[in-house]
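According to TrEMBL, the features are:
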- S218: active site, acyl-ester intermediate (ACT_SITE)
- E349: active site, charge relay system (ACT_SITE)
- H449: active site, charge relay system (ACT_SITE)
- 34-501: domain 'Carboxylesterase type B' (DOMAIN)
- 1-28: signal peptide (SIGNAL)
Amino acid sequence: MEFSFRGWSPQSTTTAFVLFALLTLGYAQQPAQVKLDDGSYSGLTANGFNKFLGVRYAAPPQRFAPPVPSSMAPHNDVMNATAFAPSCIQAIPAAIAATMPSGPESEDCLFLNVYAPSSPPPAEGRTVMVWYYGGGFQFGSANTPMFDGSSFAQNQDVIIVTPNYRTSVFGFPGDVEGIPPQMRNVGLMDQKLALQWVQRNIKAFGGDPNKVTLFGESAGASSVDLLLLTSGAQPPFRAVITESGTSYLVTGPQAGGDIIGLMTGLLGRPNMATPFQSLAASLNCGNQKALDCVKAAPVDAIVSVLSKGPFNFPPVADGDANVPASPDATRASGKVPRVPMMIGTNLREADIFTMAQPPTALDVFVAATFPGDTALQKAVVTAYPVGAGMPFPTPKDAITQFATDLDWTCSIAHEARLSAQSGVPTWRYLFNSTSFPPTPGGILSRPVHGSEIGFVFGNLPPPPATPDQALALSKFMQTAWANFAKNPTNGPGVPVWTQFSGMPGAMDLGNLGGVLGDGVSMIDSKVVDSRCNLFDASYAMTK
């Protein structure tokens, strides 16, 4: 397998080192050892919990091939699990690579990290929470400091598991001649194999394989929803939490990154429509079969092409193996397990994408999003009035709200409503905090896409850098997430936070961030969802 190491700058190296030092502070050289189905591993223990990093769950994968369980290649040595294994190969645009250091990368990347209390578990075992990272299915790593599960495991007496999965062309080659439909999304197959590993091995860490909750953000949340839709009647989990992502981001009108592509000026480029063929052309494959050429290409050559972009390799429909053509039809089929769900979004999701967007008229943006549907285009433009004295002073303000609604607020509302109507216990939240630690450029100093993650994991900087209100909200959210995982049918464990119904006038949306004490207040979801009727029909479409 080939390795790559890139994306580092002196500033990012220093930042990453400081974060790593803070997160690992207090770890003495005390080993913790477990025996798993492929062999033994030695991790770290300190301050009341164990930390196993870089535990293999799959054999080194072959490019574009499904993963193989690590148990198929057992080892006799005690493997060192005290440092992260390589991340999967990242397709990070060159313009932002320096701000997103990924560390060592390799195609041999199917490892996971386990954070578990070191005290004896209860007789039935501890609750397990499996986290899937976001990154638009193009990049991401379980090794990101923000996803360190130490605080979560220690404070909430749960076990946190964070697996890597393949992204970009390595995980989602798509509809390519020579790749069977059921193998078009090997990144999602990685995720499923990690869950199988949890079922076989989590007892060794004190966990109960019958008490598994999935949670994820953005593409990770979309992954959780896809796992829910395609895992059968008896899934290897009993509850799901989705933060700012649904399967509709994969199958709906915004599938393939259309909205994000519009925001960043990438939509409509030829290699967005046929990314694999465009990649092959950029690799000078000539008359050689595209699959054979890309499969044989050096990883550094592929990364070099991807970094120059724009390329986007999203999950694609694969005969319902991992991505159903229509999530609505799958939900209506009665084949989706009725596991409790907690689902939500952030108030200003799209701000982080539109802040650098070049000036664009709203009608142009909407027309590119819904090409050919002039009636819908007109209705959308009318619903987001622009101008002095209007709800949206500038086109960018309107575009930001439109993108927030279409990609996140309304797709989440659509899924929550369908789930509640089918009798699935559903709780919905809106992350609306006004209190954040300072961030460079203030990018995450408001409730934008991804800004809730540090609150959930409890990895905010200590005071005084983080305001007391933000720390209180973080404690509340982490506890609510853990309460839900421990007793899913009881929800977040906060009496005022009632189940979502989607009925007119129902105070059924948990507003997180407006209250210092309990951290949640209930509001009418219809107020937040006031424009969502425009988009409901589009979520039922396939693409």
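Glycine is no exception: its Cβ is also placed from the backbone N, Cα and C atoms.
Automatic prediction, not curation, is the source of TrEMBL annotations.
What TrEMBL annotates, mapped onto the structure for a quick look.
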| residue | record | Cβ within 10 Å |
| --- | --- | --- |
| S218 | active site, acyl-ester intermediate | 25 |
| E349 | active site, charge relay system | 25 |
| H449 | active site, charge relay system | 25 |
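Note on the domain 'Carboxylesterase type B' (34-501): its mean pLDDT in the predicted model is 91. Cα to Cα, E349 (active site, charge relay system) and H449 (active site, charge relay system) are separated by 4 Å. Calculated from their C-alpha atoms, the gap between H449 (active site, charge relay system) and the residue listed as 'active site, acyl-ester intermediate' amounts to 8 Å.
E349 (active site, charge relay system) falls outside any helix or strand according to DSSP and counts as coil.
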